[in-house]
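Peer 1: TrEMBL lists these features:
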DOMAIN    25-132  domain 'Cadherin'
DOMAIN    133-241  domain 'Cadherin'
DOMAIN    242-349  domain 'Cadherin'
DOMAIN    350-454  domain 'Cadherin'
DOMAIN    455-564  domain 'Cadherin'
DOMAIN    579-682  domain 'Cadherin'
TRANSMEM  691-714  transmembrane segment
Amino acid sequence: MAPHSNAKYKPVWVFFVSFGIWSSVWAVTRYSIPEEMKEGSVVANLAADLGLSVGGLNKREVKLDILNGKKYLEINKETGELYVLEKIDREHICNMKSSSCLLKMDVTIENPIRIFNVEFEILDINDNAPRFRKQTMHLDISESTLPGERFSLNNAVDPDMGSNSIKTYHLSESEHFNLEIQSGSDGSKYANLVLKKALDREKQAVHNLILTAVDGGVPARSGTASIIVRVLDVNDNAPQFDRKIYSINVTENTPIGSLVLRLNATDLDEGSNAEVSYSFMLYTSEKVQDMFELKSNTGELKVKGVIDFEEIQTFEMHIQAHDKGYDQLSGQCTVIVFVTDVNDNHPIIAITSLKNTVKEDVPIGTMIALIRISDRDSGDNGMVDITINEHLPFLLNKSSENDFALVVSESLDREKVAEYEITLVVTDRGMPPLSDNETITLEIFDINDNAPQFPKSFFTIPVMENNAPGSLLSSLAAYDPDLHENQYLVYFIIEKEIVNTSMSMLFSINPENGDLYALKTFDYEREKEFLFHIEARDSGVPPLSSNVTVHIIIVDQNDNTPVIVSPWSAHGSVVEEVIPRSIDKGHLVSKVIAIDGDSVHNSRITYQFLQLTDATLFSLDQYNGEIRTMRMFSYRDARHQRMVVLAKDNGDPALSATVTIKLSTVEQAVKVYSDTMEVPLEYDIFSDLNLYLVISLGAVSFLLLMTILVTIVLKCQKPKPTKAAPPVCRNSIISQRNSTIADSTLISSDAYWYSLFLAETRKGKVVVRQPVPKAGYLISSIPRSTGLTETSESAASTLQVRI
């Protein structure tokens, strides 16, 4: 192959060596060529240097040796020039440690054969930069190493030779290190790392350096390597806490196991020199260590026991942190735990002095109890208020901050409240508040401050007449709210005389229970009521008493039979009457009047015919007893008429009486004049009474005797004056009860005790006077005009009727 015409050739040094050798080899040719010549570069004109004809080379075969499997050079047969066929790398062909690089090859030319020895000296050029075997070098240097210490570094290599090889080393800037360069016997350069300043791992644990190797070529080439210096730790730093003193607030009753604080001590060292362990120092009290637990590996401070503010308010603990280096170092801190109070204690009531009993008349202000209150909490949690749970007659007087006196504030009354349950309630001011209570039982002793009390101030007791002696009338028990002997009652009848008769002779009361008894049988017709007082007295000292008014009312029984007082018959129950035969219809023939000694109900009288000669001729009014003609007499009517009239009271069973009237009729009318002087009831004068009736009945002497007797009785009685009548004599007795006169018919409720009864008929006035008891009735009858004649008069008569 011919080289390129424009190729530039470097200088080639040619050396000729002549030897006396075989005839085929007559000379040695040496060339010096630089390495790395470009392909095609002409090395030399081998034909000229060997004395060969250029034209003959085309006809002759030229061969060059192959070196190391490569053919680096070739001859241009047209020009005879030797040129570079493949780039020559001196470092690849020759040993890098060799100072010279010589390539020997034979050039063989045939026809005829000739062998030429050619030597090529490959000249080095600076085509290789220094290179370190390791791009990164690691050095471990203890921070305790003293300055001046040397550390060998890996040297760099450069395949180039001579001035192109490594000339020097450079180190990146560092305050701790510098380089020391040494030369080997072969001229190689070595670098040592020298410590010029002490290392501190805690400040800088790793130093990164750059080592640069520079050759002597022109231009110079260089190579670099990293030096990583790891500073080895020594235990030269003690653990340090964040703070010297920790202040922590912990609430009392914090659950066991709760985290209070996580301590953190830091050690600038590393490895075991930086591993920290926590512990209580010796002068931390055992009490504190019982309350708190310290985790040695984590520094966690946790609650170990029950924290009670009322026992300890502040905990102080001294804690150290030490590393695990060969020579252990430690740091200390103080932890102060302030316990925060919570409202976990109930208020307390203490009763230091107590009266369980007092009299009900105890003065206001009397002390019942001394009370002290307290609360183990603090602040508002320990401030206590005390009250009484309800309105009671007691008051709390404050004597000091926590002392109170329970006193009587109102008058006590055992009869209203015999025993007090005084509940004292204490409440603190915490949130939420806690409270407690204490109950005091106070018994009230009785005093005799209540008089016996009757259920009523006035008792009206009805008693049926004809009662059995000793019968119970009523119970008049009184009530005394006091107790014991103050409650034991005794009953008395307050003495009172009625008509010289003591109440104790009529009535008796049981002194223990107040049962009232009748001692005699009562008769309504004689005694209708009694009014007296009963006293109840307790057994207290002094005794108290009260009385009640008792009104005994005798209730009437139907025990009196009606008495017919008109028409009056002195000879039994048969009365003879004479009437004109010429009377008209509706003429009043007679009037039956009956009286009854019982009360109003039992004394109401009704009348009826039992027998009648002619039922068509006469009628009888059942209420007033009037007998009247129902028609005029005829010639066929009998001259004598007989009628039996029954007077019946309203009692149960009813009592009755009868009267027989024989009626005779006459043809001519007979006038009867009666000049009647009616004596008022209130006047006790009988001298003017007409006694003709008595003369006609043939009992003049008997009636005079009775008149005198009645006059004497009336003189001995005291009448009650009325507005309508003048005063009566002192011997008259007028009943307080009322009597009723209707249509001349007397209806009396209390005939036995009445002063008088008046019944008026057309035949005359009937005056009934009451004699002394059991003496009977005195009846004065003054006949009136019959209406037949104005001239006929009949004498008055006085009759006595016994009951």
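Here, residue 1 is simply the first one shown, and the rest follow in order.
The backbone N, Cα and C atoms fix where each Cβ goes, glycine too.
Are these features on the surface or tucked inside, and what touches them?
Peer 2: Sorting the domain 'Cadherin' (133-241) by DSSP state (H, G, I as helix; E, B as strand; all else coil) yields 3 helix, 55 strand, 51 coil.
Mean pLDDT, taken over the domain 'Cadherin' (455-564), works out to 89 on the 0 to 100 scale.
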Peer 1: Count up the helix, strand and coil residues in the domain 'Cadherin' (25-132) according to DSSP, in that order.
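Peer 2: Per DSSP, the residues of the domain 'Cadherin' (25-132) fall into 13 helix, 44 strand, 51 coil.
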Peer 1: DSSP helix, strand and coil counts for the domain 'Cadherin' (350-454)?
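Peer 2: Per DSSP, the residues of the domain 'Cadherin' (350-454) fall into 4 helix, 54 strand, 47 coil.
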